[in-house]
């Protein structure tokens, strides 16, 4: 063909074109960002609203529900959940993949504005939103500690200055400040003193509010000068509030200090953070959905010197945990695997061809194909991540195949005595169509993946496109650079004097002769081979159905998250003690590097810990082994449970949970949900396939239910509004005024002095001043009794919801756990009013299960169509595809042998095998058809000769692909758990297919030929009659 000759006869142009591809790839490599995995995060927006002192049920009905109704009208929302706790509501909105996060944010703001008129008037601020997923693991955690500054002052610096600067960094989605609260002036009232003076709590509130005002006063001017008016209307510190007059009693002033303790304190006293055994304020940084982890972390670290400058020297700002080191280490491991794979496949070529000059050709072609791929990756907006680098590692065995097929055929002609230039022209013409068929049919495997939407399509896109581009570049290089180098580098009659070369050559010749004898026997017993092939198909189906399955392999990222759940009626002080105890035990583990944690806020029975493990090279055990060890140590800790999870790079959904997987219960009947949730949770706990079973239903908190006697209230001259104001003033940490300062605003918080609220008898000291100015004790018009109350109320899609979370015990797959859950739900007879479904990662797994088989069938169909077009035949593609069952059996048996569940990574391996193993059949069928057409050979002689002639390149390409996957199988460093399933699948499939297809393909070829001839004969006979 003139196309091939053009490059062979113009070596300078071909060389420069190759250099251009390589240089473009090098430039692309330097510009590519780095990430752990392809960008598959769902767009998530978190809406927050607060109403201090409001119960969870009040927050759910008056705040969450109006917002949810308005937000639920936004297009592209795939999931909306909310959690309402004491004084706080948080709504998590997960959008479809194709929804632009900025456009979604504008719609969210519009929906908040539309719902504003339906929200309570007492809210201190409008609802706000953040473009971040609170369930995502932080990319960095900073701590502030000091021996000089109080936690409140540290929190002030963190929230006022540091969080503001960090939030401005590109890629930062949310900065959560925890461990304390903003400074505030706290007014702790003495109810007995108030009663003695005849002063109501609400009168104190109004006095303080009126005394602290920031209003414009205007200006005074005459004809020549203008004076701005300024008054001392604002109060800043506790000492300025103490002398305020709240009442006159018989002409004597009753000052605030007479009836209350006023001090500079914090806005919420129920917050605590710890780091290294000391009180600390934490800055928990999360990225936006579309941000790159490494780039964002690098930008944050670049800002650290400036951050240190804006805080006092006595404050110690440290990076306690950083997600990037393990990501970088994992990518270094993949890069090493890639280099090893390149070296191994070149070694295969050298062993078979026994020529340094011949080996030099693929030694150039392979790196050029791989390096050139980086340019396309940059243009496509991809990153250097575990999947894209794995694609290049596997591609090493593919791209060398094209070079091997061309090189081996040209070398065969040279060894037969032909001159290199003539051999190059003839050899590339003979196998040009073969190489094209091999490459295009391999790329066809990925077409269904590229058309698949959702998580799987996004997850596979980079891998598929990267591998396809590498194959296309390899195809171009193999028919241009490879024959040109053969024409000028190969020498006719190459010496064979070295004993090692003679030994390798004799060994290959002996193996080929043995194959010829065994093939003769097989062709004489074709029926048995066909039965074996059918048995292989049946075994493949059975193995695929029965093998344990999971979503993605469990990663060891060197990070653990710990959720502490205590009794729902526990006090904040007791919960803080639990946090300290757990952190001390976890921090003492030899494989733990650092632990930070905090508790408090609106859910005082919960604590959160972030645990960083030592680098994998410095610790004895994996993350799961560390979790198992800590779980055993903490099993007998009284009063609280610690749930530990290994942080994963991919987390589906926006739910914050105490375990890795979730099962969601929904109902429009809250009573039915609260009845059935404990039964379902107990049944799940008894399942051996589940571990760490827990629920987010918090309905066992203690409350004191007050019942108003409305008739008595009317007679006494008071109303419900005044009574509720009394309770809020006394026990709600009510924010009654705002202190304005240049950098921030702080609150004045009023409540009854905690010394008088140690037990429920404090209610007996509460009173309301009626319309006649008389103090009316609360007990005169209200009765109270203890009851259970929810600490939080959860919604999903406007329905009441409860989420049961669970982990997997060692040796149990997600498919086994899912089947156990479905059996249990059926056995329990749960009513239709309570709906159960998997959520988060478990839901994504269920969806992937339904699509995996269709993806494989679609890939096979795509390959068949491409081969049918190339061969202009309905029959020959079936011969080529008959190689697939043996590869499937080998892959699934290898996974079972290594005790590895079938995951999305293994699915990639299966799809790759569909493209790989058919190469052997293509080389056989091409040469057999050529021999039939031009050599006038019978079908049996043609396929027999094709098998022998192509035995060496088949063996070379198979071993090259096998050695390309071998580094992934043997890897043991960071990220090995992601790479091993791919390597195991490909290696197992290649070994089994190599053993079987050398015999099954010629048998199927002859069977198909008989069918084709029989049909042709029948057609001729029908025409004649």
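Yeah, the Cβs are placed from backbone N, Cα and C, and that goes for glycine too.
Copied over from Swiss-Prot:
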TRANSMEM  16-36  transmembrane segment
TRANSMEM  333-353  transmembrane segment
TRANSMEM  360-380  transmembrane segment
TRANSMEM  387-407  transmembrane segment
TRANSMEM  431-451  transmembrane segment
TRANSMEM  459-479  transmembrane segment
TRANSMEM  528-548  transmembrane segment
TRANSMEM  853-873  transmembrane segment
TRANSMEM  875-895  transmembrane segment
TRANSMEM  897-917  transmembrane segment
TRANSMEM  953-973  transmembrane segment
TRANSMEM  984-1004  transmembrane segment
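Contact check: the transmembrane segment (333-353) against the transmembrane segment (953-973) gives at least three Cβ pairs closer than 8 Å, residues 6 or more apart, which meets the contact criterion.
The largest share of C-beta pairs under 8 angstroms with the transmembrane segment (953-973) comes from 387-407, of the ranges 360-380, 387-407, 459-479, 984-1004.
The transmembrane segment (853-873) makes no contact with the transmembrane segment (528-548): fewer than 3 of their CB pairs lie within 8 A, with pairs spaced 6 or more apart in sequence. Stretch with the most C-beta contacts under 8 angstroms to the transmembrane segment (387-407), considering only 16-36, 875-895, 897-917: 897-917. Of the ranges 16-36, 459-479, 528-548, 897-917, 984-1004, the one with the most Cβ pairs under 8 Å to the transmembrane segment (431-451) is 459-479. A Cβ distance under 8 Å defines the sequence-distant neighbours of the transmembrane segment (459-479), meaning residues of its chain 6+ beyond its ends; these are 3-4, 7, 18, 21, 37-38, 40, 365-366, 368-370, 372-373, 376-377, 380, 382-383, 385, 387-388, 390-392, 394-395, 398-399, 401-403, 405-406, 428, 432, 435-436, 439, 442-443, 446, 449-450, 452, 650, 904, 908, 912. Simply put, out of 16-36, 875-895, 897-917, 875-895 has the most Cβ pairs sitting under 8 Å from the transmembrane segment (528-548). Counting same-chain residues at least six beyond the ends of the transmembrane segment (875-895), those with a Cβ under 8 angstroms from any Cβ of the stretch are 441, 533, 536-537, 539-540, 543-544, 547, 860, 863-864, 867-868, 901-902, 906, 909-910, 913-914, 916-918, 920-922, 925, 929, 981, 984-993, 995-997, 1000-1001, 1004-1005, 1008-1009, 1011-1012.
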